[in-house]
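J.: Handing you a structure now.
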Amino acid sequence: MNILIFGPPGSGKSTQARRIVERYGLTYISSGDLIRKEIAEGTPLGREMQAYLARGDLIPDTIVNTLIISKLRRVRKDFIMDGYPRTPEQVIALENYLYDHGIKIDVAIDIYVSLEESIRRVSGRRICPKCGAVYHVEFNPPKIPGRCDVCGAELVQREDDRPEVVEKRYRIYMKNMEPIIKFYQKQRIYVKINGHGNIDEVWERIRPLLDYIRNREAMI
């Protein structure tokens, strides 16, 4: 089973993606994780990508395509892809790769949240720069305000988590996703999921769909 999962900033798509990985034994491919790894390692490519994110801009397709296709070559099947593709050019790159390797996508899940909810969720996020632990000032606060529970380091807010940047990211995302959504609707694999509510509530909107797909595959 191969899955695409989308959602604007703060939609919780990565949290749901990891639940999907645990339940169905898929490989998790996250464009965000691949990008953050490059940034954390301070590579020239990472520094270039950080500059785009700090301005609230999307990273160029050529860079993202290279990261994703490189990962796909090592995985090939039974994966969930988080946050990719986001532009028509990325769709073309992905579709060309999948066609050349005889791979199909079973479902494209779009988790929707409003702009207001996106800002509330994302702007409250805090990151430990030392160990990578993630907190939220409202939903998952550290025991000592501003300090990591794991290593005690001072927590920081990522540049792209500031409210004004979140709003810009959200609007860019929604605009760019219009043709992507239309493409997967034509493929008859697009499913829109209400992302409002807690993690378990959203999960129970997703799980029955994937159980059905998995059971359908088992019967073929």
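Cβ from N, Cα, C; glycine included.
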J.: Out of R47, R73, R169, which is the one Swiss-Prot records at the AMP site of S31, R36, D57, L58, I59, G83, Y84, P85, R86, Q90, R158?
T.: R169
J.: So if I exclude everything within five residues of the ends of the region 'LID' (124-161), which remaining residues of that chain have a CB under 8 angstroms from its CBs? That is, six or more out.
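T.: For the region 'LID' (124-161), the nonlocal Cβ contacts are 53-54, 56, 169.
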J.: Looking only at G10, S11, G12, K13, S14, T15, R125, V134, Y135, G197, which the record lists for ATP, tell me the maximum pairwise CA distance in angstrom.
T.: 20
J.: Looking only at S31, R36, D57, L58, I59, G83, Y84, P85, R86, Q90, R158, R169, the residues listed as binding AMP, what is the longest Cα to Cα distance in Å?
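T.: Among the residues the record ties to AMP, max Cα distance equals 25 Å.
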J.: Work out, from DSSP, the number of helix, strand and coil residues along the region 'LID' (124-161).
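T.: Looking at the region 'LID' (124-161) with DSSP, the answer is 3 helix, 10 strand, 25 coil.
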J.: Please list, in sequence order, the residues in the chain of R125 (ATP binding site) that are at least six apart in sequence and whose C-beta is under 8 Å away from its C-beta.
T.: V134, Y135, H136, Q157, R158, D161
J.: Kindly state the mean pLDDT of the region 'NMP' (30-59) in the predicted structure.
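T.: PLDDT averaged over the stretch: 88.
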